[in-house]
Amino acid sequence: MYPAHLLLLLAVCVSLLGASAIPPLPLNLAQFALVIKCADKGKRPRWHYMDYGCYCGPGGSGTPVDELDRCCKTHDQCYAQAEKKGCYPKLTMYSYYCGGDGPYCNSKTECQRFVCDCDVRAADCFARYPYNNKNYNINTSKRCK
């Protein structure tokens, strides 16, 4: 092998080692977004639920600001229950069907069914309650105590 080839091989190996240290992204968030779209018939962009109230988005604390935020708190609690069962809700991919009445789970494993049920219940809840623009991107340190 030529020295240039060895350097290239070394560079590839080092970059792969670095990539293995990157934590995986929550794989089912894109799937959850599709379940939400199915439930609300595409009325609201999915990213609007990523930073709403005290519980919609990463983390969560305090008292939910409204019923929609309460849907997110319940979803967080459902994911916590899934973790207690040994499931990985943010990484679990599942099978669902989008029917005229909304999403339905048809997953095979217990973890897939549990996580899918969490997501479908949350998506149905989102579709049921109004979205208040004043609760998007709020100051959580002041309003979520």
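Each residue, glycine too, has its Cβ placed from N, Cα and C.
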Exercise. For the Ca(2+) site that Swiss-Prot lists with TYR55, GLY57, GLY59, give the additional residue from the candidates ASP76, ASP101, ASP117.
Key: ASP76
Quiz item: If you check Swiss-Prot, which of CYS54, CYS71, CYS72 bonds to CYS56 via a disulphide?
Solution: CYS72
Quiz prompt | CYS105: disulphide-bonded cysteine as recorded in Swiss-Prot, out of CYS87, CYS116, CYS118 | solution = CYS116
Exercise. Consult Swiss-Prot and report which candidate among CYS87, CYS98, CYS111, CYS118 shares a disulfide bond with CYS38.
Key: CYS98
Quiz item: Looking at Swiss-Prot, which of CYS54, CYS111, CYS118 bridges to CYS87 via a disulfide?
Solution: CYS111
Quiz item: Fewest neighbouring Cβ atoms within 10 Å: which of the disulfide-bonded residues CYS98, CYS105, CYS118, CYS125, CYS144?
Solution: CYS98
Quiz item: From the centroid of the CB atoms of TYR55, GLY57, GLY59, ASP76, the recorded Ca(2+) site, which same-chain residues not already listed sit within 8 A by their CB, in sequence order?
Solution: CYS54, CYS56, PRO58, GLY60, SER61, CYS72, LYS73
Self-check item: Neighbouring C-beta atoms (10 Å sphere around the C-beta of ASP76 (Ca(2+) binding site))
Solution: 18
